[in-house]
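Summarising the annotation, TrEMBL assigns S-adenosyl-L-methionine binding site to Asn12, Leu14, Gly39, Glu60, Asp84, Asn106. The domain 'Ribosomal RNA adenine methylase transferase N-terminal' annotation in TrEMBL covers 19-191.
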Amino acid sequence: MKHVARKRFGQNFLHDQHVLDRITDSIAPAAGDTMVEIGPGLGAMTDQLTRSLPHMHVVELDRDLVARLQQRYRPEKLTVHAGDALKFDFGSLPVPDGQKLRIVGNLPYNISSPLLFHLATFAPKVKDQHFMLQKEVVERMVAEPGSKVYGRLSVMLQWRYDMTLLFIVPPEAFDPPPKVDSAIVRMIPLAQPLACDGARLEAVVQKAFSQRRKVIRNCLAGMFTEAQIIEAGIDPTVRPETISLEQYVALANLP
Ligand SMILES: C[S@@+](CC[C@H](N)C(=O)[O-])C[C@H]1O[C@@H](n2cnc3c(N)ncnc32)[C@H](O)[C@@H]1O
């Protein structure tokens, strides 16, 4: 029976073989990799990846799709984790000594930011991540200071990852087509992120960008004095979107 795409699970299934091949080439799966796919859906990417991998893991929330995947693949080939990727402990997957996890997925766009933040907590155990996301989200992730779309997602993810927008995917590549363009992003955890307490950095960045149009002195009133902002090497009259990752880290590291 044909699966009817469920909007609430952000289901848009890839059917363009050229796009599937390009994504697979970008991921370049190798036989020894430990790989997990988030939201395998009907298995379009899974089929491609399992050609090179003797075994892989998937995490899928939709129980109907879980049942389909379990019917389609032998358990030695595919371990299906039925559940919510937002709550999944990616650190619990068995990875051989000296190796790290590879994470891939055409992500459900309705939960992309919280999912990226959840995944960031596993960054030290991860080799790389390749995701399909809404193009605008990828543009925010890789944005530089001064850009209109530079914000919390840019700073928090750039603190942990080296990120590259690989290519754009048009709506026609999916069934049903989403209303927006999509993009493939490669995320490689940094070996040595700038030393900083993540929760503190998050608090500073969240407060800074909660009023993008104000100058940073006013955005951070109550958290830092003007003198402290200057001490972190920041002009207190600039807007939050012009402040670099290094400067936000300096602020978060103030005693
Ligand atoms: C955009 S579709 C991609 C499907 C498939 N990978 C493809 O490319 O055709 C997103 C998939 O994520 C699943 N999904 C949605 N929310 C999820 C969650 N919280 N945890 C795990 N999977 C989820 C959906 O059921 C769906 O299969």
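Glycine residues also receive a Cβ, built from the backbone N, Cα and C atoms like all the rest.
All TrEMBL annotations are machine predictions without curation.
Feature annotations (TrEMBL) mapped to structure.
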| residue | record | DSSP (3 states) |
| --- | --- | --- |
| Asn12 | S-adenosyl-L-methionine binding site | coil |
| Gly39 | S-adenosyl-L-methionine binding site | coil |
| Glu60 | S-adenosyl-L-methionine binding site | strand |
| Asp84 | S-adenosyl-L-methionine binding site | coil |
| Asn106 | S-adenosyl-L-methionine binding site | strand |
Specify the count of other C-beta atoms within 10 Å of the C-beta of Leu14 (S-adenosyl-L-methionine binding site). 20
Could you tell me the mean pLDDT the prediction assigns to the domain 'Ribosomal RNA adenine methylase transferase N-terminal' (19-191)? 97
Max CA to CA distance in Å over the S-adenosyl-L-methionine-binding set Asn12, Leu14, Gly39, Glu60, Asp84, Asn106? 21
Most isolated by CB count within 10 A, of the binding-site residues Asn12, Asn106, is Asn12
Within the chain of Asp84 (S-adenosyl-L-methionine binding site), which residues six or more apart in sequence place their C-beta under 8 angstroms from its C-beta? Leu61
Count the Cβ atoms, other than its own, that fall within 10 Å of the Cβ of Glu60 (S-adenosyl-L-methionine binding site), considering every protein chain shown. 26
